[in-house]
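These notes concern the structure reproduced below.
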Amino acid sequence: MTQLAPLPKVVMGSLAFGVFWMLAVFPSVPFLPIGRTAGALLGAVLMIVFHVISADDAYASIDLPILGLLFATMVVGGYLKGAGMFKHLGKLLAWRSQGGRDLLCRVCVVTALASALFTNDTCCVVLTEFVLELAAERNLPAKPFLLALATSANIGSSATPIGNPQNLVIAFNSKITFLQFFFGILPAMLAGMAVNTVMLLCMYWKDLEGADDAGKEMEAVEEGRSPGSVLSLKNSPTATAAAHGGRLRQRHGGHDDADDDDDPDSMMSENIPTKHRWFMQCSEHRRKLFLKSFAYVVTVGMLVAYMLGLNMSWTAITTAIALVVVDFRDAEPCLDKVSYSLLVFFSGMFVTVSGFNKTGLPGAIWNFMAPYAKVNHVSGVTVLSLIILLLSNLASNVPTVLLMGDEVAASAATISASAVTRSWLLLAWVSTVAGNLSLLGSAANLIVCEQALRAPRNAHDLSFWSHVVFGVPSTLVVTAIGIPLIGKIAF
């Protein structure tokens, strides 16, 4: 049984954790608006300054394999984005769509499946603006599609260890293999995705009727533009002038009225023999095609390596460095797109949570709740799920997993080995779906909200309350339906 530390250590450790929690949940609090990342570092520093945790223990608590996997996944995601992976997902959303309801179902399915492989945050970053454009093109309200994007990204990400950060923590701490994790949660994920989609359709059935202009949409998608840009491009002065200039060139044998002799690019291209220009263009085209193909091939290889049980962190790092080397250019532009603030946030959070655990307070609270939260009884699973649900929204899902993971597993170990695995999977499922409860429940929700608000066209303000109205019932129903399905497929 976990013993409490001396009272001064408990008080100071709780204070440091309270500072971290406040800034993680309210990053722009008026009296200390330093943000989540700086808040995590502040919590870590306070743990050391207050002698709750030693400097050596603080360094040891930082989980380098998780940080390495996060870093490498972001690098690989950047190369996949450059290879057009997410543009193809956007095309899949729009291809032969049959109205608003069909489009909503596609957003749910495509987002959920993509989030399982490319993380929920990445999918939300790249798909939010495209979903807004699709909705606007069809004269449909943006809110149902933004809710579909955010909630489906969270539900879909629950199926794999690389779907979201808390799953990474669980996979490393539990030693559950990629395939065990995947098949253990897959039935719950599929059922949750279906139920979430049906609830969205029921709540916004009448709102999903809008004018459809498939011709303009397909033209936009085929040319790689967002659908809403078609009309603006057609009616813009630049497009009109270009069309008029094209007619003039046809009348004058393919030459403009303007004198091209003063154009430096024109002069340089004239000095290069036609054969050499053609060779350079073909070489660059072949290079880009090879890099795109290589990005897809090594990504598939990375997923296969995960399934074979190879070290996830070093597999991802190897994939990332292979892409950098084959690209054969300065990697700085790609590395600049890595969210280093997220890595720093995780480092600070690891130290803060480790310090809080050393106070003995989380263990003492769990000792009180453990008899009522056994995973071999329906009542125990219900109590455990409610605790995870509440903590995930109060303290965020990753700190909840760090605080509760070992305690839940230790309690399940007194039942059976299979109960330990199920307890970890249950923690992954509930803590992930809990992110749909409110706008502050997960980073994916905040990304969708901020991206939609700052979109250059068709911006939409997804408010806290508009999310809660759907998020609360969806979270409760999806969580309840998924729990009995956890661990039903053994691998």
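Cβ atoms are placed via backbone N, Cα and C, with glycine included.
Just so you know, TrEMBL annotations never went through curation; they're auto-generated.
Residue ranges 280-302, 464-486 are listed, and TrEMBL annotates 464-486 among them as transmembrane segment. Residues of the same chain lying 6 or more positions beyond the ends of the transmembrane segment (103-128) and with a Cβ under 8 Å from any Cβ of it are 73-74, 77, 80-81, 85-86, 89-90, 92-94, 97, 134-135, 138, 140, 144-146, 148-150, 152-160, 162-164, 189, 193, 196-197, 200-201, 204, 208, 303, 442-444, 447-448, 451-452, 455. Here the transmembrane segment (464-486) does not touch the transmembrane segment (6-26). Their Cβ atoms form fewer than 3 pairs under 8 Å, with each pair 6 or more residues apart. When Cβ-Cβ distances below 8 Å are used as the criterion, the transmembrane segment (181-205) is approached by residues 101, 104-105, 108-109, 112, 116, 141, 143-144, 147-148, 151-152, 155-156, 158-161, 167, 170-171, 421-422, 425, 428-429, 433, 436, 470, 473-474, 477-479, 481-483, 485-491 of the same chain, each at least six residues removed from its ends.
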